[in-house]
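As written in TrEMBL, here are the features:
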{"type": "DOMAIN", "residues": "11-209", "note": "domain 'UmuC'"}
{"type": "BINDING", "residues": "Asp15, Asp130", "note": "Mg(2+) binding site"}
{"type": "SITE", "residues": "Tyr20", "note": "site 'Substrate discrimination'"}
{"type": "ACT_SITE", "residues": "Glu131", "note": "active site"}
{"type": "REGION", "residues": "368-388", "note": "region 'Disordered'"}
Amino acid sequence: MLRSMNPQRRIAHLDMDAFYASVELLRYPDLRGQPVVIGGRRDQQPELLADGSRRYSRLRDYVGRGVITTSTYEARALGVHSAMGVMKAAKLAPDAILLPVDFDAYRHYSRLFKAAVRSIAPRIEDRGIDEIYIDLSDIDEESLPLAQRIKRAVFEATGLNCSIGITPNKLLSKICSDLDKPNGITLLEMADIPARIWPLNVRKINGIGPKATEKLAAMGLNTIGELAQASLANLQKVFGSNYAQWLHQVAHGIDERALSIASEPVSISRETTFERDLHARHDRAKLSEIFTWLCGRVAEDLRRKRYKARTIGIKLRYEDFRSVTRDLTLPLAVDEAGAIRRAAGECLKRVSLDKRLRLLGVRASGLTPSDESGALAERQAQLPLDLP
Ligand code: DCP
Ligand code: MG
């Protein structure tokens, strides 16, 4: 019998509901409850009328070869779905509203929801713009209240709903987050597999694509349960040894893959070794220029990676290769060159500058995601009209 090697893990998969469409509804709340499709271009931007209302593009007016990225559940009920041509969708739902895509907004909300989850459960595998795996094994709380708490944190940070599956592994959690969408929580143990997983079509397994589904159907295997009962020898004849083995395992809900957890950077720093040793007094202008340049680079790095830093430090190496560091912790996190330069300048006052210098460095630590610090205030200030 196949048996899990690890002690029981608890893994969640979280997937945002109708993600791009739901972000658009934050800025156009008057569209809630309507069929809305995301996939237009700039010229499908809603027009603000003199009386303050908006005029939206409709699918029936669309001409072009655009493809739908996603749609609200109201539009899905009319048969419209991701990857469908917009003109084809227009035949099914001519009155549905068409909005242009705005990836910057979706990335912004993606960062916000991930930061919110991380504040509860830091062990996260980032799977893309609207989904993550979360390792909950070390958290001492029942799955249902924990899932509810995570959903609440996501909603408070973003105004958006998501669906969560919690099971012993990634394979099952990915299936489960989809079972009760939208706004669902699905909990599943290994013992529930025959009742809840086996009736599903094999396509529900991440890794069984359209071709494999077709081949399995030709063997008379449509559900995961049928696949689980199939003989390994028969599967091997069609799929080769490795894939057959894998099919057999996943049909029994077995998946030992670890999460690949991205660690947050601890600090961001820039340093430079001079072509010739510089003296604090005689080469003051040159040193000052380099110092300001380094602070500017650190500020750029912080902003590109979207962090702010509470602690700014410097590093000096003297001509005799001895190094010193100093740092200063600020009341508020910063990411601007000027603020970093001032803090680093304070640090510089606390070191001896009698000897020549070989190297100068500036470091930012105590990092927090910049979206997190002002997230709620920002969201409230910007809604409903003006997303970042
Ligand atoms: N997306 C896309 N093209 C596709 C599928 C998706 O551009 N063919 C984008 C738009 C989606 C986002 O990726 O909003 C996330 O994809 P999902 O499959 O999770 O779909 P949704 O979040 O929109 O809906 P669901 O509630 O089913 O998760
Ligand atoms: Mg989604």
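Quick reminder: no glycine exception, Cβ is built from N, Cα and C everywhere.
In the structure shown, across all protein chains, Asp130 is the one of the recorded positions Asp130, Glu131 with the greatest number of other Cβ atoms within 10 Å. Highlighted here are the recorded positions (Asp15, Tyr20, Asp130) whose C-beta falls below 6 Å from ligand 2: Asp15, Asp130, in sequence order.
Within the model, the domain 'UmuC' (11-209) carries an average pLDDT of 96. According to DSSP, Asp130 (Mg(2+) binding site) is assigned to coil rather than to any helix or strand. In this structure, Tyr20 (site 'Substrate discrimination') is part of a helix by DSSP.
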